[in-house]
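K.L.:
Pasting a structure here, questions to come.
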Amino acid sequence: MGNSPSYNPPAGISPSDWLNLLQSAQRLNPRPSPSDFTDLKNYIHWFHKTQKKPWTFTSGGPTSCPPGRFGRVPLVLATLNEVLSNEGGAPGASAPEEQPPPYDPPAILPIISEGNRNRHRAWALRELQDIKKEIENKAPGSQVWIQTLRLAILQADPTPADLEQLCQYIASPVDQTAHMTSLTAAIAAAEAANTLQGFNPKTGTLTQQSAQPNAGDLRSQYQNLWLQAGKNLPTRPSAPWSTIVQGPAESSVEFVNRLQISLADNLPDGVPKEPIIDSLSYANANRECQQILQGRGPVAAVGQKLQACAQWAPKNKQPALLVHTPGPKMPGPRQPAPKRPPPGPCYRCLKEGHWARDCPTKATGPPPGPCPICKDPSHWKRDCPTLKSKNKLIEGGLSAPQTITPITDSLSEAELECLLSIPLARSRPSVAVYLSGPWLQPSQNQALMLVDTGAENTVLPQNWLVRDYPRIPAAVLGAGGVSRNRYNWLQGPLTLALKPEGPFITIPKILVDTSDKWQILGRDVPSRLQASISIPEEVRPPVVGVLDTPPSHIGLEHLPPPPEVPQFPLNLERLQALQDLVHRSLEAGYISPWDGPGNNPVFPVRKPNGAWRFVHDLRATNALTKPIPALSPGPPDLTAIPTHPPHIICLDLKDAFFQIPVEDRFRFYLSFTLPSPGGLQPHRRFAWRVLPQGFINSPALFERALQEPLRQVSAAFSQSLLVSYMDDILYASPTEEQRSQCYQALAARLRDLGFQVASEKTSQTPSPVPFLGQMVHEQIVTYQSLPTLQISSPISLHQLQAVLGDLQWVSRGTPTTRRPLQLLYSSLKRHHDPRAIIQLSPEQLQGIAELRQALSHNARSRYNEQEPLLAYVHLTRAGSTLVLFQKGAQFPLAYFQTPLTDNQASPWGLLLLLGCQYLQTQALSSYAKPILKYYHNLPKTSLDNWIQSSEDPRVQELLQLWPQISSQGIQPPGPWKTLITRAEVFLTPQFSPDPIPAALCLFSDGATGRGAYCLWKDHLLDFQAVPAPESAQKGELAGLLAGLAAAPPEPVNIWVDSKYLYSLLRTLVLGAWLQPDPVPSYALLYKSLLRHPAIVVGHVRSHSSASHPIASLNNYVDQLLPLETPEQWHKLTHCNSRALSRWPNPRISAWDPRSPATLCETCQKLNPTGGGKMRTIQRGWAPNHIWQADITHYKYKQFTYALHVFVDTYSGATHASAKRGLTTQTTIEGLLEAIVHLGRPKKLNTDQGANYTSKTFVRFCQQFGVSLSHHVPYNPTSSGLDERTNGLLKLLLSKYHLDEPHLPMTQALSRALWTHNQINLLPILKTRWELHHSPPLAVISEGGETPKGSDKLFLYLLPGQNNRRWLGPLPALVEASGGALLATDPPVWVPWRLLKAFKCLKNDGPEDAHNRSSDG
């Protein structure tokens, strides 16, 4: 409400005086702010506290406010004093509003000028709520009511449309009608008297002109008229009916009867009372009834409210009916219905035997005026003889809103009998009428009209009338508001009858619907006929077996907006079936009529037996629901029922879900619409009163409701075993007597809770007991039905899926391997259309025959508590078959079929481990007992090779189970032997963990689009490059396959540099199954490996320049896959321009501005724009003399890697490893990897990090003979080399991941180290790797002969001198790992870091500007 505070007065002032002060504050200039209203409230508190009395105008004048303390409050008091002085003095003392006469109403300050007008703004919902809250306890039309609205209007300057919206929000329908009538009359009178300033009749009505943006004073005049119309509202606090409220124990019927009596006695003639009853039946109802009526709304018809509150009423009360059910017609004159006795004591004298209207204590004074019906001043309206005679005819029927002259005097008894009752069906409230008149179409003399007792006038569609019928526009107030352009008044009478033979009545005023949507028979027709409407009483039987308390938590407590999913159309057959199903649910009390929001579609589904099943599609509601976790993970395994308690009985609960009631606040989400055939009648809406099937939380809520009674009965019979799942319950008892007692106690307990036990489904031993689709025998468990598998080729995809679903259900008792099932599963691939036709192969048909034979032996033994659990793992190429059994049992406990792993190759040892773990989980969950022994069909040599040679970390898990694992050779007794009808062949090449001397060596490598291999045995036998598709990994696989095809069938040592290919080869040679439909290249690789009697698989680090033969041959294979251009070389490695200078053709200068290193976009984006100064650090005098170590971090995708970097201070050779964790163990692992590739250092210099200073790391360095020292971190004079190396490596990684976002971290780091160590050239035109592996310094004696010089020239700096000018060039006499011996006099050894190769004088320049790449 803008800057206005709450209209509720603070302590110490009456409401009228507070409103006077607020209105005076509106005249302040500038306009009042929130601080002004706060000062005004503080002033009232101060006055009440200091003066010890309430504030009034006489006691709180302008002088009562201390100056300067309460802001502009003195100006407000002065304004109030000025206005009241001009109006003739101060008002009198205010009296409370609720006090009745003879007290005078409180004096209110007259409407004053509002000063400067506020800018117009539309109402916000929060403002409308605040206004309604302020006036909800004030009488409509009262002075305080008007004053409150006046202050709200001053704040927003509303247009006529805004005022109409305000009226609809704060007023009841009857008040809205009265206000609109009074406002229309006031506007017409003002326009006729020409008292409106600025009004021009030629430009439109006052409503139209005041809605313009520049209306100004004209809008103020409209607002004043709107407020003046509010003073004439019919309801006043003094009206007797406004003070009638429903008692806490009073039924809704008695409360409505009291309202009707009060309105009949006191309401003026001509004022409709139905809207007042509709409004007050909700507003003055008690809290419990208001909660029931919240979904229907406060302005719903009173009949709907009484039906909704019928259950709340006491049981000895009769439900209220505004209509009566006609009885059988009797000959002779019609007798009035007997007077019904009162249902309870009179609320006036609290005595029984008479109605409240006949109470002797009721005041019987003379009436204040003549009777409005017969104009007789001697009696009240309720005692009018005319009304009593009319009531005798109507007998409790529909009351007319206006006085109508009786027409029964001219009718015979037979005609009167026809008029007295209009029978209507509850589901179809329509009646046939016969019309005649000059304005009707000739074909519209008979029609079907909808009876609506809420409509005051009859409504006809416009297409029933001729085109030029006389009309007058009409404004109609309906449920959606005021409609001004849709309806017209028909200016001419029409004749109407309910039977062809009459009698006919004349209707003078009829509404015409121009949209041709409605044909309604209003209250005017039954009133003129003096007839009643008879509707058969709705039969609502109680819900049999509903729990006392509904669940308070069903997952919808957050009360989201209910879904509005439209009902889709149905054909006539399904619609009739749906109507029958809804009718049955309605009779059973599971559903009830619904008028609130929300909708989910419904449809029927035909069962196999021809019956129909009701389906409610609650997917939209389930999407809004928070799932409640179920108490049971799934159906129990019936083999877990031990054989010891032999006496079993099972029972089933009938319509179990329908016994759980649902609170009314959740019924919005469980509603649906029943469509009418052809849409000729209004649809009907219903909502569930109980938990429906299809609701996501219905199973969990039902389990929670049944959990406690089952626990109580189970505790009382502790020797019996209870098994339950949803509405199926089974009891196993040691004796027959205890079984009978347990059943009686459980059935009685369930009936007390309201559940129905289906006696026809109760069964017990000695006959087999059906339970959860299975049959429980004395020793075994079978399935009630087995699939027949009458399958022929071709077959549709839908039929094959159904067959596989049936097989999955009975698979735990079917003695078969995974192979025939896998054949059927493979036929489902690449088919998505359910109508697709599948051709089965002969092998698949043979698998179906095997399954059909296995189904004939489908059975499982029950668990014997005295015997241990044993397990068998049967490995096949299609998957694993797992068997859980006990010794001496006829059948196993269960069969389990598991597929291969998701990888291309599934190792046999891993499959055995996964099978054992799965069986252990099933044994513990079903029988709460671990497995004693595992048996398998895997060859012992293959299992030993996998355990000894596999690098899989899960080998440790299999070693923990090793004492319990036994091979198949022991042949233990058990039903699993039926599986060994065909022994599985385990083919694997002989694996050798160590290289085979004098054997053939195969090296392979790959690049994008090609692969290569070479064969070597004492000398190079064969080498070749072959084309390959797509990636480098597939290229290396193609090279390996070509090499294996070219190699003779003899032992071979295979060396690859791909980690993936290395892992795949080791998996295959150690024993593994490929996928049932393997990649052709993998299948060919497996067959090629089987050609060789012995195989060794080795991994060589890619791009290694080590001097051993393996690295040399691997480099030879790399040379078979050269890159064609220097641009491709730089795109792969992002090397510096010096490295490109080694490219043979074309030659590229290191300082060429057109070099690929200079033109590369990635390098231009990521290269630093400048470099820091080189600092002096402690360097080694030889390779592996002093190392520096550091840990840096690099983020790739969602992981942050710790890079453990080790740098040789002499050569700059670097090794780095990426680790996920940052522990001392990972640091030691990184150091070991660096020692493997670079050698062992003598000294290691690190920072003072926790990983390097830990006792474990220090002890490790001592054991390896490495001297450990520390430096200050991030210090350029002590840690500059490793910090610079960290930056170079991370720069290269960033470039690679910018070009290839999905490049694995290991490959990116390997490429970065290769580029940094072996490709990028230092200023001396040597790589770091060459410098690290160059020969040591030659020993030259002092008196020896000076070596001869070479052709190489070098520029040099002398060590220890401050002059940074390059000297030379001079030839190098000797080149060694530490430096070069220059031909000075005498010769001087100069380290490589102070040397620079000299090529041409004209090229000597600032080379750093041209070498900004990954190695500055």
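Each residue, glycine too, has its Cβ placed from N, Cα and C.
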K.L.:
Taking Swiss-Prot at its word that D727, D728 bind Mg(2+) 1, choose the one of D652, D664, D806 listed for that site.
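P.N.:
The record-listed residue among the candidates is D652.
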K.L.:
With the ranges 190-207, 370-387, 478-495, 1144-1161 to choose from, which does Swiss-Prot describe as zinc finger?
P.N.:
370-387
K.L.:
Within a 10 Å radius around the Cβ, which one of these binding-site residues has the most neighbouring Cβ atoms: D728, D1247?
P.N.:
D1247
K.L.:
Which has the fewest other Cβ atoms within 10 Å: D452, D652, D727, D1190, the recorded positions listed?
P.N.:
D452
K.L.:
What does DSSP assign D452 (active site, protease), in three states?
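P.N.:
Coil, per DSSP.
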K.L.:
What is the set of residues, excluding D652, D727, D728, whose C-beta falls within 8 angstroms of the centroid of the C-beta atoms at the Mg(2+) 1 site?
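P.N.:
Sorted by sequence, the hits are C650, L651, L653, A656, Y725, M726, I729, A758, K761.
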K.L.:
Using DSSP and three states only, what is D728 (Mg(2+) 1 binding site)?
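P.N.:
D728 (Mg(2+) 1 binding site) sits in a strand per DSSP.
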K.L.:
Pop the Cα-Cα gap between D727 (Mg(2+) 1 binding site) and D452 (active site, protease) into the table, whole Å please.
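P.N.:
So the Cα of D727 (Mg(2+) 1 binding site) lies 46 Å away from that of D452 (active site, protease).
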K.L.:
In the domain 'Peptidase A2' (447-525), how many residues does DSSP put in helix, strand and coil?
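P.N.:
Per DSSP, the residues of the domain 'Peptidase A2' (447-525) fall into 5 helix, 40 strand, 34 coil.
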K.L.:
Taking the DNA-binding region (1352-1400) alone, what is its mean pLDDT?
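P.N.:
Across the DNA-binding region (1352-1400), the average pLDDT comes out at 77.
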K.L.:
What are the DSSP helix, strand and coil residue counts for the zinc finger (370-387)?
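P.N.:
Counting residues per DSSP class in the zinc finger (370-387), I get 6 helix, 0 strand, 12 coil.
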K.L.:
Return only the integer: C-alpha distance in Å from D728 (Mg(2+) 1 binding site) to D1190 (Mg(2+) 3 binding site).
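P.N.:
So the alpha carbons of D728 (Mg(2+) 1 binding site) and D1190 (Mg(2+) 3 binding site) sit roughly 67 Å from each other.
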